[in-house]
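Here is the structure we will look at.
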């Protein structure tokens, strides 16, 4: 008895149950079947594998950025002596990391006293007497609110006097920035540095600020007056499979990130106030407040690296197989509805069981030999 | 011969092999089958598509943040003259990016000399003689370690003298911060700015610092004394499909990020020391060291955008189809075990092949006509 | 008529169509079938579930970092008086966030006058007369470009004079840094802080700068001269399922991020210039320019948290099921090509439909009873 039971279990586990099949030698049905199969296989090969690279495991980039801005500029505000500005003065804070601010325009109020000065001469600012200067006039491209007085700019020229003399660093557009960029894909233990070298690293250039701004479709001199935020987007998307690994390069793009023409007037452009603190010999502290306008450059490094992974491959192949298993349904539907001999095929393929219980005994007799 | 070979290959490739099937007109089995199918389809439609939006390709947000804090505060430490503080003084560093520090409390040691001063009068600090002041007493909510002396705060009031006079910016809770926020989803070439506008951008408000702190369940005045770190979390999760694209809004939440009640005493709160450097007319350098307590606000922008993608759709449909292909197994199991006529169905559906080799010839005779 | 139509539709929807199957009691085929099934199931259980945890939904980490550096150092440049440096002086900017800079070496040019000084004595710098000093010699490990003069370093020793006297903070290697680290996984509403505590948080240690640099395989004193960038990578990968939640710990690793031996000479190491501004009693502004060399420590927090998710589970199970549905194809192929009785099996399993249309009537006769 136990032996029989054991044998039954063995049969139950190891007997192989396979569907009975019918081979239909119809060229049309066969073509439909193979063509549908081909479509699915092509989708998998072309779209999933080649275009989307869905067989890859992915990882997001980690990065560090160092920047170094170089260049000099001169300001010549009428009531102050000419001043040379270098990176230590116009990069605030002086350290270059992934966000650096270049001072392009400022209004300085030393010892908190609002100053007045003659505007630099230009067709719209030269004047003969006070009538040429309108008190309160405020032209955003010029130097400030006019006081209504016409004063000597130099010994030969008179210009309108304005409040709060701004000092524009006009040469800032020719400053250059060196971007050193180091990326890590921790999942794939991949590390790469990008640093300018004319020969070996032409993909890591030294940029001129003017070019960055103009690539984004903006005008540097216009932006310099009220300030703004420029995004330097570095796309480090990499395919780390096979021989591609050595062709993992950064792609640069530039974009203005602040709202150029805001619908409201809440803080357009980009500016902030900072103070320099001084102490008189008597120990009294004073400060010079600077309203700094300038362009903040935000370096945004992003990207995804892909490398062959078993799990995504299995998942995508599995999905494709599921669709392949739909193909016989399409072919069956075609077989049973669109072919000339559909009734014949249907009878051969499909058996209808009789509903009534008596059929059981009859069927048993008929199928007894099987 | 070659013709036959060619024809054989053609037959092999294009003959369509389809399983023979049996139609069972049982209402109960049919219901089980359709119901199970329905369950799988519902899961796909409701859970995968509507709730999880698994048909979407996703991308992580890139963002830049600009912040601008406004407000004034007054400090009135007894041994110094009253001082007005504006953003240039209490925002360190003065630039507003995604992490800004608001100075709320400080201990200043000019020229590295530890100062002593009378505490502002309050019920616990007013004194009549030195006996009311306990040397070494250190109350964290008050101004410092008591020296044990009772000194004149003003002409009419005497208070206990303390070391290292802190200056609390009590009005800091009323400062406001404007957050300008620009997000990019590079994969979908989506860009959006968020800037306060009462009419068009009510979702990008100007926050009062006090509200930020109280939303996180903290007390500003308490936090102001020892400092701390507040997280302003901006969730930019977006559904970029169809008409949703225009409804991609930030969701704000606030959370205290430092450990409020640390089990150890290593640097509770948030503070750092900075120095202002002065030079005497003789060229000697001195510095004023400030221990700055304050709240660092970290703006953390996160989010995932989803948009219809073919690969995730195929993968999820494929998985659902796999489960649909399980449904016949469930129905078969029901058919062959739970129905009254299971033996009859079983005999009709399943043929058992005889093990012995002699069966071969018999079968051949029986099936010869096929 | 309508009743019949309705009944037909009901039959069409609820009749259950199931494939006719053939049970083959062959031990070898059964074994092949079960073994292949086992392989697929094992892959799913072991690789997908245990190793890759592909059933998990994932989320990327958000983090904030606070750092606090402690330690003192002394500089003793021959032409200046000895100076003590504390964190407020050598941490620039003074606030500790996820990127902090430790000043290790500097060249100070007060009032923009390039200074000259005697080098600290060492076998290579001690001299007897000017002949021992080569004008223009520039040794990167020493203090600057030699002027060609031999001058008194102290009353007893003479050393070569150099331009632009650097001041090396040799003790910087013993500075310690406390890293406070707070991570959020927004999708899973998980929040954890990491702060040093000898007993409860041994995983959040206080690091000595020297150890950080030496763990990355670098020499601190060598790096201190020209500066560099060190990455402190904190991996917060967590498994938030079940009891693992309480074992979510940071893993630290250290890596030099800048190019140590650049092929070109564009800005090796890490340095920047900053200015301190002074005002004379007469109101004239002067500045002291410092070229600061040092090590920037970038704390990079990354990681992915995983937690059981229905969609990834379904997708992976679905893919596995797709592969399970391939198993019968493998077994059929084995059955029809590799078994001794393959012809017999083939005849039993597969029926070939006759091509000619006349077969229809014959077949009908034969199959009429079905």
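A Cβ is built for glycine as well, from the same backbone N, Cα and C atoms used for every other residue.
Given the ranges C:321-339, C:340-358, the record in TrEMBL names C:321-339 as transmembrane segment.
In this structure, the C-alpha atom of residue C:271 (ATP binding site) lies 21 angstrom from that of residue C:174 (N-linked glycosylation site). In sequence order, the binding-site residues near chain B (CB to CB under 8 A) are C:68, out of C:68, C:69, C:70. Contact annotation for chain A: of the listed recorded positions (C:68, C:69, C:127, C:272), C:272 place their CB atoms under 8 A from a CB atom of that chain. Under the three-state DSSP scheme, residue C:174 (N-linked glycosylation site) falls in the helix class. Pairwise Cα distances among C:68, C:69, C:70, C:176, C:271, C:272, C:273, C:291, the recorded ATP-binding residues, top out at 25 Å.
Using CA atoms as reference points, the recorded positions C:127, C:133, C:150, C:174, C:194 were checked against residue C:70 (ATP binding site), and the closest is C:174. For residue C:174 (N-linked glycosylation site), the nearest of the recorded positions by C-alpha distance turns out to be C:68; the candidates were C:68, C:150, C:194, C:238, C:248. The closest partner of residue C:176 (ATP binding site) among the disulfide-bonded residues, by CA position, is C:204; the full candidate set was C:150, C:160, C:194, C:204, C:248.
The two recorded residues, residue C:194 (disulfide bond) and residue C:248 (disulfide bond), show a Cα separation of 11 Å. A straight line from the CA of residue C:238 (disulfide bond) to the CA of residue C:272 (ATP binding site) spans 38 Å.
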